[in-house]
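As structure tokens, the structure follows; a few thoughts come after it.
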Amino acid sequence: MDKEIIKQHKISDEEYQEILNILGREPNLLELGVISAMWSEHCSYKSSKKYLSGFPTKAPWVIQGPGENAGVIDIGKKMAAVFKVESHNHPSFIEPFAGAATGVGGILRDVFTMGARVVAGMNSLKFGNIHDEKIGKHQKYLVKGVVSGISHYGNCMGVPTIGGECAFDECFNGNILVNAFALGTCKIKDIFYAKAEGIGNPVIYVGSKTGRDGLGGAVMASDSFNESSKSLRPTVQIGDPFAEKLLMEACLELFKTDYIVGIQDMGAAGLTSSSFEMAGRSGSGMRLYLDKTPMREEGMTPYELMLSESQERMLICAKKGYEEKVIEIFNKWGLDAAIIGEVTDSGKMELFWHGELVGLIPIEPLSEKAPILDRPVARPKYLDEIKNYKFNLNISTQEAFEKLLANENVSNKAYIYEQFDSSVQTNTLKSDGALGANSIRIKENNCLLSMAIECNSRLNYVNPKIGAAAAVASVGRKIACSGAKPLAISDCLNYGNPQNPEVMWQFAQGCEGIKLACKELNTPVVSGNVSLYNETDGVSIFPSPTIACVGVNEKAENVLKSYFSKDTSAIYLLGESKGSFGGSLIAKILDKKVAGELEDIDFSAELKLWDFLLKANEAKILDCANSIGIGGIAITLAKMCAMANLGINAKTNFADKSFIFEESPTRVIVGVKDEEEFIKFVNEMGINFAKLGNLDEKDFILDDIKISLAKLQTIYFDKFNEYLG
């Protein structure tokens with residue numbers, strides 16, 4: 001085969017030799033395209049699988065861990081929560097509206113294909129410098145396009161987007177991150193899996209017709225960007241949320257029957273990945289008649305049909321004899337449905353075109369036994385250069401505070417979350433903007449389901465292992481602050497070019513941090529995604545392992561607020577402040593540095609803090625609780641006051657005034673109802689605590705900082721809109 005064609009398919013010399021060994025001959029173009037997609041980083045996880053294998057994935061409440069379309073946990077009274085987070089970074093950078101919209105569509109399908117109705121969405125967004133003279137305007141365009149795409153798709157689907165995070169840093173100038181999370185619920189007995197078994201069982205294509213959009217998407221998402229990447233725009237899929245809504249309702253109707261064996265979303269690599277994954281999981285073979293595929297465009301080829309990433313499509317393995325009943329359901333909802341193949345016992349994928357065999361590929365070497373790479377790793381040299389950094393506050397705490405409050409990483413993101421419908425389905429208890437975790441009521445069992453998503457990329461740059469562990473601890477802490485017990489996580493691991501040994505070292509360390517934290521905190525990994533090649537012109541993003549956590553309280557009425565109210569009688573700090581300025585926002589703003597060292601996570605102290613929060617909430621001692629994050633105590637208090645429309649008069653006992661900005665983990669601000677009961681309770685449980693102060697009607701006073709509540713709110717609520725223009 002022509003070497004240029006092989007190169008265009010991102011197949012290495014070693015991989016091509018392996019293809020020859022597997023097939024026993026030269027591949028044709030169709031076979032090369034299929035193998036290229038299945039062996040892409042996006043589909044095969046060939047660089048990352050080695051490090052993912054040790055993740056803790058089991059617990060009594062885990063029903064389904066990694067390996068399916070989404071993870072599943074038991075949330076009580078025979079109900080399950082189905083959830084996953086994944087990336088759509090590369091398409092969103094090329095075409096922000098369409099890329100973000102189809103990212104939402106893809107994650108929704110991953111959840112409802114398991115048999116669950118989607119009840120909540122979240123997102124984690126990272127953009128570059130919006131103030132830069134050269135690229136600031138483009139970054140603002142990306143922000144607006146991505147947010148518009150997410151809101152368009154989610155709102156049209158009738159799925160509440162209830163939370164998320166949005167951060168900005170120069171490391172994302174050339175590669176933005178768009179990570180989408182979805183959660184659904186169903187009865188445990190009604191969960192469906194992606195399998196294709198039973199010789200002769202029909203394979204049915206359902207959903208929208210196949211077009212040429214998204215061709216080569218999986219391969220594109222497995223490569224770095226450069227100046228010519230704008231030409232990749234045709235590889236970004238086009239989404240139709242109204243078609244997806246019909247598809248979801250049709251699938252949920254189908255799931256009430258006994259007509260099917262398994263079902264799989266057509267995501268990256270389209271018909272290729274769905275067919276190979278279903279057959280591969282089941283140890284089966286499959287025969288596909290590609291000319292039977294519903295087509296949107298004329299003259300489409302087998303290559304295009306196998307690799308198109310047109311949206312809103314599913315592949316079903318039905319029980320023989322029930323195929324017409326399946327088709328009838330989808331036709332009723334105005335969707336295409338066609339029998340395009342059947343299950344075999346050959347262990348091979350047989351591809352036919354108008355009766356002619358045009359492709360014959362063994363399934364296992366492309367699915368369950370795809371190549372795994374052992375890439376070289378090297379500790380980055382920059383770590384030695386940054387570790388000795390020490391932060392010194394050289395301006396007044398008042399000035400530092402106002403700079404932090406006005407920073408785009410702190411200021412309120414109402415511009416974003418007000419575009420999302422957070423109350424549709426009428427289950428939302430805490431949505432975006434309410435600080436901390438987001439919560440919904442599950443009407444079927446009246447439980448509180450809380451979820452949070454986060455990644456502090458600066459911490460992961462300073463120490464990839466501790467930074468990843470800190471993300472796991474932080475989302476769990478937010479869940480506990482909402483009154484729910486953290487149960488499990490889903491991860492989306494965003495890193496740079498795996499061909500760079502320093503990036504692979506960061507990735508390996510990040511995985512170690514997640515393994516350690518999940519094991520110690522008893523929050524297993526149930527689903528996830530890896531996004532590599534987040535690099536442009538040789539510049540990689542900071543390591544960014546996004547972690548989403550889900551937790552439960554059996555009583556929905558036990559939801560705990562994240563900011564003060566008139567019922568707050570006193571304000572307390574829980575946890576120990578250790579002067580951790582490594583990777584802090586204050587260091588980035590004042591010294592223009594992402595440097596220093598991180599404190600190890602004290603997992604026993606973390607668990608003790610979670611336990612206290614849950615028990616104190618159960619005892620009705622707390623009015624509110626909020627995990628301390630970027631900007632430290634000062635910014636956490638400021639947000640709680642701004643949201644509550646209440647001031648405070650507070651004082652710390654720190655010898656170093658700058659400690660109000662440090663970012664030590666395992667700390668929480670609580671507003672207490674009954675101070676006497678609180679002190680008794682906190683002493684009994686052995687939690688480190690210190691009184692900060694009380695509410696104030698008009699001013700925000702913290703040590704040397706004094707600002708009117710009105711001015712604080714103006715800065716906090718208005719700055720982000722000013723920046724976007």
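One-based numbering along the chain as shown.
Glycine too: its Cβ is placed from the backbone N, Cα and C atoms.
As written in Swiss-Prot, here are the features:
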type	residues	note
ACT_SITE	H42	active site
ACT_SITE	H88	active site, proton acceptor
BINDING	Y45, K84, D491, G528	ATP binding site
BINDING	E86, N529	Mg(2+) 1 binding site
BINDING	S87, H88, N89, H90, R109, Q237, E309, S310, Q311, S531	substrate binding site
BINDING	D110, D265	Mg(2+) 2 binding site
K84 (ATP binding site) as reference: those binding-site residues from E309, Q311, N529 with C-alpha within 10 Å of it: N529
Neighbours of S87 (substrate binding site) among the binding-site residues Y45, D110, D265 (Cα to Cα, within 10 Å): none
Which binding-site residues sit within 10 Å of D491 (ATP binding site) - Cα, from N89, R109, N529: N529
Other CB atoms within 10 A, centred on S87 (substrate binding site): 27
Nearest of the binding-site residues (N89, E309, Q311, G528, N529) to the residue listed as 'active site', judged by Cα-Cα distance: N529
Residue, out of the recorded positions H42, K84, H88, R109, whose Cβ gathers the largest set of other Cβ atoms within 10 Å: H88
Pairwise CA distance, D110 (Mg(2+) 2 binding site) versus E309 (substrate binding site), rounded so that it is a whole Å: 15
Spatial neighbours of E86 (Mg(2+) 1 binding site), counting only the binding-site residues R109, D265, E309, Q311, G528 and Cα distances within 10 Å: G528
Cα-proximity to G528 (ATP binding site), 10 Å cut-off, over binding-site residues N89, R109, Q311: none
